[in-house]
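Participant: This structure is in C-alpha cells; I'll ask about it shortly.
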Amino acid sequence: MAVIVPVITVDGPSGAGKGTLCQALAKAFGWHLLDSGAIYRVLALAALHHHVDITSEDALVPLAANLDVRFIPNENGLSVILEGEDVSTEIRTETVGNTASQAATFPRVREALLRRQRAFRTAPGLIADGRDMGTIVFPDAQVKIFLDASAQERARRRMLQLQEKGFNVNFERLLSEIKERDYRDRNRAVAPLVAAKDALILDSTSLSIDEVIEKSLAYAKKICN
C-alpha cells in the first residue's frame, strides 16, 4: 500500500507572512518546503531573461514545461536556483512579482507548473506555500491554513523589507500595486485566491509573526499527531 506523504498548505495574499510561517513550520516538523510563488517568479524571470512575451500563453507554456528550477534549503529558508544561478534576491523585486501574477492567469501555464509542484511531495512531508495549495495543488492536504492581513499592513511590511535591502520605495505606489495584484489573484478565472473550505483562517494584521507561528503550530500538531 502506497504511503501518503503528509502536506501542510499555507495560502494567502502577498505579504501576509506565509514565507516566514512556512519556514518555521518546515523547521519544526523537519519537512521539505515548497515556495510555489517562487516558481511563478522564476518563470517570470526566465521569461524576462530569454525575452519571452509575458502576455503570450503560447510562448510561456514551453518555458514553464522545461523550467530548470531547484530549491536548496539554507539558514535563511531557501535558495532559489534558476538554470544553475542563485536568483533568490532577483525574483523578489516588484517587477518580477507583478509579471508572475500576470503569468499565473494563463490556464495552460498553471497546468505545466502544477505537475512540477506536486513532484515536491516527498517523505517525510511537505510544507507548501502559495495561493492555491489547499484548493488546487494539494486538495487532500491534512492541514490547511489561510493567512491573511489588510492591504495597508501588507504594504507596510513590504516597504520595510525593501528599505532594509536598500531599495527606495513609495508606500502609496506599493499599496496600489498590492491592491491591483489582490484583485487579479482573487478574480482570475482559473484557481482564484480563496480559502479552502476546511482551512484555518488566520488574520495576521494585528498579530506578531511569533503569535502566527504559535497558533499555526498548535493547530497543525493537533491534527498531524
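Including glycine, each Cβ sits where the backbone N, Cα and C put it.
Features from Swiss-Prot:
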BINDING   GLY12, PRO13, SER14, GLY15, ALA16, GLY17, LYS18, GLY19, THR20  ATP binding site
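What does the local environment look like for each feature on the list?
Facilitator: Within 10 Å of the C-beta atom of ALA16 (ATP binding site) sit 24 other C-beta atoms, taking all shown protein chains into account.
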Participant: For the recorded ATP site, enumerate neighbouring residues of the same chain (Cβ within 8 Å of the Cβ centroid of GLY12, PRO13, SER14, GLY15, ALA16, GLY17, LYS18, GLY19, THR20, site residues themselves excluded), in sequence order.
Facilitator: LEU21, LEU147, ALA149, ARG154, SER204
